[in-house]
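Trainee: Below you will find the structure I want to go over with you.
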Ligand SMILES: Nc1ncnc2c1ncn2[C@@H]1O[C@H](COP(=O)(O)OP(=O)(O)OP(=O)(O)O)[C@@H](O)[C@H]1O
């Protein structure tokens with residue numbers, strides 16, 4: 001059930017509290033990840049609520065994702081910010097990896113787009129601003145998120161959006177053309193086309209979200225990555241003046257269009273967050289007040305209801321492994337596979353030492369989002 005009385009700002013957990021799921025009471029499945037579910041849990045000792053992301057080691061191995069899971073866990077330990085979903089700690093047992101995170105009760109933006117289809121201008125601008133603050137923080141720390149989409153933006157009970165899922169996030173490096181994960185529909189053309197990319201990819205996805213909140217559809221729709229790619233390459237998406245909903249500032253359309261520019265060098269945001277925050281659509285917007293969470297959010301989810309699809313949408317059948325997958329895993333114990341071998345018995349780059357880092361607490365310190373893009377620009381992301 002929904003619950004508004006959940007303390008979303010908690011103290012870090014003590015090391016002794018974190019090593020076993022027996023310390024938690026499972027309440028409800030609130031989301032599905034690539035390797036398992038996200039649960040609302042209650043810590044038995046102090047009755048505080050958390051989100052617990054449970055990831056099956058077998059699934060991780062079968063999807064050849066050991067390195068990226070460890071990468072996410074490592075990034076999470078260094079990330080702590082009021083517009084991010086922060087990790088409290090991580091632990092593991094024989095079959096699963098567990099991430100304990102702040103629990104947000106407002107549901108993700110995808111759930112609310114599904115219900116409402118569109119948002120008004122004030123709401124859309126507020127969502128965009130929350131995303132910009134989160135991106136500014138990540139980029140200033142050298143991290144490209146690379147999977148900005150409504151599923152990865154979750155509302156807290158006061159209507160502020162926070163960013164999650166660093167599953168395919170990467171520390172920026174000049175040569176990253178072969179690193180082309182993402183979600184078609186939100187993926188920038190340079191990633192689709194396997195080119196080197198920088199922070200502009202995250203601003204492209206922001207443009208898609210603004211477009212979607214305004215018009216109730218995405219700029220490039222298609223049934224497959226290939227179809228979306230072909231559309232992208234054949235024409236530049238743009239919101240036409242007559243498409244802008246009545247009452248909206250035309251600058252909202254310009255903002256989305258500038259973010260959606262196919263060439264990164266023409267795209268708003270590629271030179272850092274200042275140019276995004278200074279766009280005329282945000283004229284008179286009080287960024288400081290937003291960062292201090294002093295603005296009354298224009299969309300406040302009803303936390304007395306469940307802001308996620310009922311559990312039958314999260315049923316267990318998807319979690320089971322096929323007979324073939326079981327056979328693969330029987331060749332070796334899960335533990336051995338995870339500690340350095342893939343399902344074909346080939347040694348992976350991931351070593352036992354890598355795995356050891358999974359179980360520990362977040363080491364990040366709370367830091368304020370940067371107020372200027374100077375660091376970002378100097379890092380030439
Ligand atoms: N801390 C949280 N509080 C509330 N809901 C959450 C939280 N974290 C995740 N969720 C919900 O669970 C869903 C899946 O989580 P997440 O994005 O981490 O999985 P994922 O994208 O598949 O990750 P991965 O690909 O690494 O498995 C989200 O879309 C969101 O609805």
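Every residue, even glycine, has its Cβ placed from backbone N, Cα and C.
TrEMBL labels come from automatic prediction, so no person has curated them.
The ATP binding site annotation in TrEMBL covers 63. Positions annotated as compositional bias 'Polar residues' by TrEMBL: 361-370. For 371-381, the entry in TrEMBL reads compositional bias 'Low complexity'. The domain 'Protein kinase' feature in TrEMBL is assigned to 24-282. According to TrEMBL, the feature domain 'AGC-kinase C-terminal' maps to 283-353. Taken from TrEMBL, the feature region 'Disordered' covers 361-381.
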Trainee: Can you give me the same-chain residues 6 or more apart in sequence from residue 63 (ATP binding site) with a CB-CB distance under 8 Å?
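Mentor: Spatial neighbours, sequence-distant, of residue 63 (ATP binding site): 34, 35.
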Trainee: Give the helix, strand or coil assignment DSSP yields for residue 63 (ATP binding site).
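Mentor: In three-state terms, residue 63 (ATP binding site) counts as coil.
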Trainee: Suppose you look only at the domain 'Protein kinase' (24-282); what would the mean pLDDT be?
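Mentor: PLDDT averaged over the stretch: 94.
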